[in-house]
Amino acid sequence: MTMLELDGWPLPAPSTSTRLCLMLLHSIWQFGLLALIVVGAARRWPNQSSQHAYLTGVVAMLCGLFLLPVTYLAIDMNSFEEAPRRAFTAISSEAAALPIAESVSDQSTTADDQPLVAHRASEPSVTRAAEAGPWRSLTPWAVGLYMTGVAWMLLRLALSTWQAQRLRTRASFIDSGPLHAFLQSLARRWNLQVVPQLAFAEQVLIPQVVGLVRPTILLPAAAMTGLSRRELEMILAHELAHVRRYDVWIHLSQRLAEAVLFFNPALWFLSRRISLHREYCCDEMACQDSHNHPAIDASSEPQTRYAIALLRVVELAQLQTPTADLGSLAASGRSPSELRRRVARLLGEPLREPIRFTRGAALTVFGVCLLLASPVVWQARGQSPQPQVAEPDNPALAPELPSVPDASQPSNNTPATITGRIVLENGEPATTGGWMYYESKFEKGNSTHTTQGTDDRYTDQFSSKVPAGKIWLSYFPDDFAPTWAGPFELKAGQIQTDVNLVLKRGFSSLIQVRDDQGAAIAAATVNAQPEIHGHIHAPIINQATDDNGNLRLNHLAETRYTLRIQAPGYQPLRTEPLDVAPNKTLVLTMLRAPATTGLVLNADGTPAAKAKLRMVNELTQDGRGVGYAGSDPGFWGRVVTTANSQGEFKLEQLTPGSKYLFVIETQDGARAAVQDLVAGRQDVRITVPPRRDLIIRVKGDPSTLFQLPDKLRASVRQRIRSKHSNLLGGSAEIHIDEKGGTAVFRGLIADLNPDVSSQEISVQLRGAGSLKQTVEMDPQRDTLVEFEISEGDVEYTQTNINESDRYRLTRLARAAEQGQAATVKALLDAGADINQAADGYTALMRACIGKQPETTKILLEAGADPNLQRHDGQSALHFAAKNGSVECAKLLLRHDADTKAQTAYKNWTPRDWAQHYKHQAVVELLKE
């Protein structure tokens, strides 16, 4: 490259620098067009997998980088030298030096896009340089500034890489123990050539992978003590997924591309999208690995458990660094942070964006790209294009976590309370954490109902809110045998105290997994669950056999255990409750599963490539029904295999004698139900009818219905009838307009059973009045259902007024947190319990958590008690102080809130918490 000296600085010659500037300017429209293609593909195929979306983004970025040298070589400088009297339009782009991720596992940072401003060139003069435009003489300086920016970005990248390696050298490596064993086992199952090292460090706030050739997974020291082993394993699976997918190399490519094209907003958009979908892919792999062992609740789904683990990681980081922004977890703003996106995606709900990429917006962006690509931009005669402003892609916070179907609750929702201590055999307080489960039997109408659930995680003391009735408690501590207590006969609101749970180490027992020839089965997944209170209700903890097919189960209690074992190519094994003993070896035999093969076709007879086969239900030989939950949104069953590009599939996990219900889902979203699939059946031919959607129209004012903030959803269910009735479906968001609202539920299930002449669809609006309709599915076209909302539909009754949602929050607490003043007033007028503490939180506490002074004032004036405390001692004033809400704190103080109330943690007052989180305004207020 030819260089010249200008005021002592070496800069490229004008011809070279002009060529380089034009190449960089061309990159703006090139990457803009690629970004438009990526977004268009996502809109055209909304059901594409995260992996496909990720690969699309990576390919687009690599194509854009490939176009850089091609564009540089294709630029013809002769045309510029032979046009002495042309006036050129230069486009300058100002871009701030953007922050680099602190380690190679961090997500890319998104900067605000800067406006692209067009300037008219000066009039030509008698000199040749001026004839070509004065901007020609300025391009060396522009290149100099550009190179300075690149150098700065590369310096930051090098610094962040050095810091990551420094963290690795200071970390404490984990070479043994359950986490190390889990990492080794998972690496074997995933066939990793290089198994990363595992370490923890005090300076690390979030889990991350460092190192390209010899990767190391770094865990925060706080997570080692603040998370359960099951939660750590899910987080560890996510990080190992990055290693398996070689994400660190793509991430490095992104960082280098961002350094070279730091001024290009479209490149940043693509990079951010790649990073987000990379996290989605690893989230899905982590959930898929744990789909058989919900570590929190045997009835919960893996994505729910994993979402909780993510939130706990961030909470622990917040405790270490008070200034860290946990505001992204609050239900405020209009658009999601990346964490909120991940949580929402795990729970299967879309998030509304403040800027919607409509068809008009796409045409506008496409027109801008054409304008920038046109030679008129570079060779216009006396005309310069109008300034173009690039809209920023800067997401704000999501309004809320998605809704899920409500769990069954007793009619009297006022809970009972059981408190007590958790001690060792010597009477000392326990120092290890564990999960508390409960079982409650209560009378509802003329029948007896049983409800089970997970309460909370405790260490040495517990205070469990449980439904009233006959109560049993089960406690599952880390590194100890499970223990239990009960039954307790408790009425609504009653408090049972002085319950002691004594922890014992338990014993270990060896199991051996063999095939019918006596050969060892390695990497078989084993789940051992204790029989407590006469049945199984415990966290599902999956373990794997070693290369010899052996597994030692530790910390067993003196009760019977049910074993469930799965291995690729073998029939699932479920044992009856077995007696285990310290010196007794259990030998379990698995039988080979005969393969079931077939072909999935579209309605036009073409192969349904990549069709998903979802196992919904198994009807065993003895007549038992076994349901299978998937990790995807909705209730569609578990994906057990995917058809190849020719539509061919193979099932190797079916039990002979059982009959299976499957839902087949094609790439365009069409769904069909297939009954009575059996093991060993060959050449099954499945033709999926054309996709039929459900159109839901709402007339009237949907906002009058109770709902999660800014969203009204319709619940859609289809009943597929076999010997066991199966209720399948999902939900659809209703988009509110001036006439009411409309929702489209995509992909109704077509039952392929020839004996089924008609299918019913149940549609319910999730409102206070629970509006519901049942319509018949139209197999020839989309099905339409209409709701008309009148004032009589909005009615709060004593039956539903104090109900809790899946997150164990009452309607009043949820509305107070979201600032829905009208809803709060309506609920109070209807008789809602103002001091009800759902999950330990009163509505007043949730209002302070949401920093909502208006609903805080309404609740206080209606008689809410500002001094009620949770089991950990936190009051509404504590939450106002922790969240920096000065207005809420003022309102609480006017109603005599106790400023000296202390929490169980360090006996901190509200002022201590405000000081900890550096909310100086609240500190000064509490000083007064």
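Quick reminder: no glycine exception, Cβ is built from N, Cα and C everywhere.
Sequence annotations record features per position, and here TrEMBL assigns compositional bias 'Polar residues' to 406-416. According to TrEMBL, the feature domain 'Peptidase M56' maps to 34-344. According to TrEMBL, the region 'Disordered' annotation covers 103-125, 384-416. Taken from TrEMBL, the feature repeat 'ANK' applies to 807-839, 839-871, 872-904. Look at TrEMBL and you will find 20-42, 54-75, 141-159, 360-378 tagged as transmembrane segment.
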Over the span of the repeat 'ANK' (807-839), how high is the average pLDDT in this prediction?
81
Under 8 Å, at least 3 Cβ pairs, sequence separation 6 or more: does that hold for the transmembrane segment (54-75) versus the transmembrane segment (20-42)?
yes
Counting each residue once, how many in the repeat 'ANK' (872-904) are helix, strand and coil under DSSP?
16 helix, 0 strand, 17 coil
Let's see if you can do this one: DSSP helix, strand and coil counts over the repeat 'ANK' (807-839), in that order.
16 helix, 2 strand, 15 coil
